[in-house]
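Peer 1: Before anything else, here's the structure in question.
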Amino acid sequence: MYIKVKLMSNALEKINNFFKEKSWIKVFLIILMLMFVSFQLRAQTADMKFAQDNEFLKDMFSDEHGRMYLLALDPYYYLRLSENLYNNGHCGDTIKVVDGKETPYDLYQYAPPGHPLPWEPPVICLATLAIYYIWHSIDLTVTIMNAAFWVPAVLGMLLGIPIYFVVRRVTNSNIGGIAGAIALISAPGLLYKTCAGFADTPIFEVLPILFIVWFILESIHSQEKTALFKKDLKNPISLFVIAALIIELIIGAYLNIASGESVVIASILFYTVSLAFILAGLIIAGIKKLKGNELEFELFALLAVILTAVSPKMWGAWWYGFDVITAFLVIYIIALALLKSQVKIKEFINIGNLKNIVYLSIFYIFGSFVLLVAIYGMGIAISPITSPLGYNQILSTYTQTTGWPNVYTTVAELAKPSSWSEIFTNAIGSDTIAIVGILGILLSFLSLRYEKVKLDIKYSILLAIWLAVTLYAATKGIRFAALATPPLAIGLGIFVGQLERFLKMKSDIAIFGIGIPAGIFGLLILSKYSAKISQILLPTTYVPIIAYGFLIVLALLAIYKISDIISTLNDKKETIIKVSTLLLCIGVVIPPLSAVVPFSVAPTFNNGWKEGLDWIKANTPNNSVITCWWDNGHIYTYEARRMVTFDGGSQNSPRAYWVGRAFATSNENLSIGIIRMLATSGDEAFKKGSVLMNFTHNNVSKTVKILNEILPVDRSKAYDILTKKYGLSDKKAKLVLNATHPEHPNPDYLITYNRMTDIAPVWSMFGFWNFSLPPNTPNDKREKGAFFKGTAYYLGNGTILANVNVYTYSYVTLINSTNISTAIVQKINGQAKIIGTFKIHKLYIKTPLGVKELVLNKDGQLSEFIRIEADGRGYAWLATRNLEDSIYAKLHFLDGYGLKHIKLVKATIDPTDFGIQPGFKIYKVDYGTDYLK
């Protein structure tokens, strides 16, 4: 037994010595672990846990190979562009001549008329096709959608790397680096927008600045050694930097002046070369560090310059990161210059090489500016100066500027947060983590890297500026809260790292005041979350090589840590320190990880919708238009390849009023007039510069009033209204009528779906929009309608019972052959009690035998729709009175009852929301020819 223990002890000692001698292996394993953790968290969506093992639901939300569809809505826009790029060599649906030049053209978005696209493909499309080519070469069943699904998860593997190295640089603590990286990786807001399936651009809003900050801090750390600025042009680093800048300049300039199909090739070359230089720079830095050689600061500064030059292609607001770093460098230089003259405090503050810091700043700012000018032109290059001046207005989504309704006021992620707690929760998961992160930022001015207390102001300056800017943006719209995630995560990591550094001073105060409580904290967390440990370790096995690769890497790190602790058993203080810091790290990372395990999100696109959209694609003319509310527009254009009235990229337009009006009105002639106008001439009748807008001197209210008068009537009556009532000339009246009463209108298909019932307060508010009210009138002061959903039961003998939940009350209607009674029921102390009745103005009852329409009480403020299917299923809806005869209600609840020109042609399953089934409905709009009289 003794021999076995001795052998085990020797083996552990050898392992510990090995990791100490080859410390880079430990760092490599930590990086690998962080990459695997990030991927695993983001891959959970592929398991479709939302279905709860319901095979029907899994089949509905996946393709024929069982691979889940993309999440959200905007990813389908980029998916369509990616497929176009693969099939056509550009992102357009076709090529059109625009301003005398052949240009890729999007036929379907905001159509007619659609719009031109740049030749240069978005970076997300290139990333999608890169994964597709690799994966498809292995598995021929893989589609471009399948590849797009994994883009955010693959790129998300990079998120933790810069955080780990930044925190490690600040604190010299691997524990702190891991804690900070995990905090970022698991931040709920960021996780949702970068999980597998969310193939959108948020990943590109975060990644560039993370790496640029890391590169800048590494460059500052290497400030003592320079090559270029001491004119050592034969130095390999000097040659590499010069060559990289020249090549980037040439390729970037070529991309800027290229035209036509060569732009696609140039952009691929630009991204490839930029990535190659960044990877080469990191490899060079790694090799030099392994050899124990000092790095020249120009190397990491070059990487920061290259990535800054690429950033505008990833996100339109790229300049905020450049401004943060530039402000930091300027303030840091000023602070160092002031502190350098203070002889008494110089020994406590790390001043460093001020001259080289100035050189570094010039290199980064000027180098970035030159590349930006070459690649994009002067406009983009100076946008870090010009953009912030007008961005405050852009951030304020409630600003009304055109007289038309502002759709952004109804987009949840653009709403202003109600509290700091909401911002912090969206940014990093909880108020507690955010507060600790802020404390870490405050503590970052202390340098405890070498068990000595010194002041180092650079980290606190950078992080304070970064956090202040991002939190300010978050106060203008909750979607920007994710921008504050990186500085808060770094702050958390610094806090943990500083505690470890303080413990390593081995004072009794540190060990007993921090070490032992930290250990107890870790044990309590382990105990509290013990039931979820297995899920945290293995959240998914969808990609086995990653899942089990993570466990192997974690096991190797655990073996190292055990050997490290055992090697210190003879030194009780050292043992307490190592055990305490390990438990502290575990205690910090487990809560945020447990909060996102399991993690699942259901797609919107599904096979029920696919069936309906495929029907449109196969059975309608190519010039057909789909009229719908904007939210699902990208899905419709992707699957049906038909024009849509508006979508998630064009929602804030006058069409929001017109489409809302078409659904909310009870006037069928007005509704089809609106649809006919939008489907054929788009915005021609009401855009700025149109006949009516010029006639009314850009008075939107008057323009809308005129159009609402002429759209429901035939052409001759509309002509009389325009010429006799409003005094337009014959020529101008006919120009208006060409847009509103076209001779050759595009066919139109209306789509309704169950969620439209839920969001009726939104589209009806726009449909009932009162243009005479001040533009900044709050939404809650405007007229809107609503529907409340419930169930209905046929009890036999002509008796029907309907139950609709309205907030916390049940509105019950009992109908029999002789009487209709109502009751409002509330649960009080667990008992259902009738607390009153309600008055129904109009009642619609649809059965397999037909529709019965009854007016019950002229004073009723609610109306009710009841639908009983042949198989016994029953549905009920309460409606506000202003929507009781709306086109939407008659279409979705009654299948077009009472309408002459809009007919149901296809209905398929809608599994996305509770409601009528089949609930995805397609209607053909028949304009007829009478309107041309």
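Cβ atoms are placed via backbone N, Cα and C, with glycine included.
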Peer 1: Looking at Mn(2+) binding as recorded in Swiss-Prot, which candidate out of D200, D508, D564 goes with D74, E413?
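Peer 2: The candidate from D200, D508, D564 that Swiss-Prot ties to Mn(2+) along with D74, E413 is D200.
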Peer 1: Are V170 and S259 on one side of the membrane according to Swiss-Prot?
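Peer 2: Taking the topological domain names from Swiss-Prot at face value, V170 sits across the membrane from S259.
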Peer 1: Across all protein chains in the structure, which of the binding-site residues D74, D200 has the highest Cβ count within 10 Å?
Peer 2: D200
Peer 1: With pairs restricted to those 6 or more apart in sequence, evaluate whether the transmembrane segment (23-43) and the transmembrane segment (428-448) have 3+ C-beta pairs under 8 Å.
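Peer 2: Judged by the Cβ rule, the two regions do not touch, with the required three close pairs absent.
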Peer 1: Which are the residues of the chain, D74, D200, E413 excluded, whose CB is within 8 A of where the CB atoms of the Mn(2+) site average out, their centroid?
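Peer 2: Not counting the recorded site residues, we get A72, L73, P75, K193, F198, T201, P202, G648.
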Peer 1: Can you tell me the three-state DSSP label for E413 (Mn(2+) binding site)?
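Peer 2: Assignment for E413 (Mn(2+) binding site) reads helix.
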Peer 1: Which residues, given as numbers and ranges, are at least 6 beyond the ends of the transmembrane segment (147-167) yet have a Cβ under 8 Å from it?
Peer 2: 30-31, 34-39, 42-43, 46, 67-68, 70, 75, 78-79, 82, 124, 127-129, 131-132, 135-136, 173, 176-185, 190, 193-200, 202-203, 206-207, 210-211, 213-214, 217-218, 486, 489-490, 493-494, 497
Peer 1: Where else in the chain does the topological domain 'Cytoplasmic' (218-236) make close Cβ contacts, counting only residues six or more beyond its ends and a cut-off under 8 Å?
Peer 2: 165, 169, 242, 285, 294-301, 304, 352-353, 356-357, 359-360, 363-364, 458
Peer 1: I'm a bit unsure how to read this: which one of 264-284, 428-448, 455-475 has the highest number of Cβ pairs shorter than 8 Å with the transmembrane segment (175-195)?
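Peer 2: It is 428-448 that shares the most Cβ pairs under 8 Å with the transmembrane segment (175-195).
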Peer 1: Can you say which of 197-217, 237-257, 264-284, 455-475, 480-500 has the most Cβ pairs under 8 Å with the transmembrane segment (428-448)?
Peer 2: 480-500
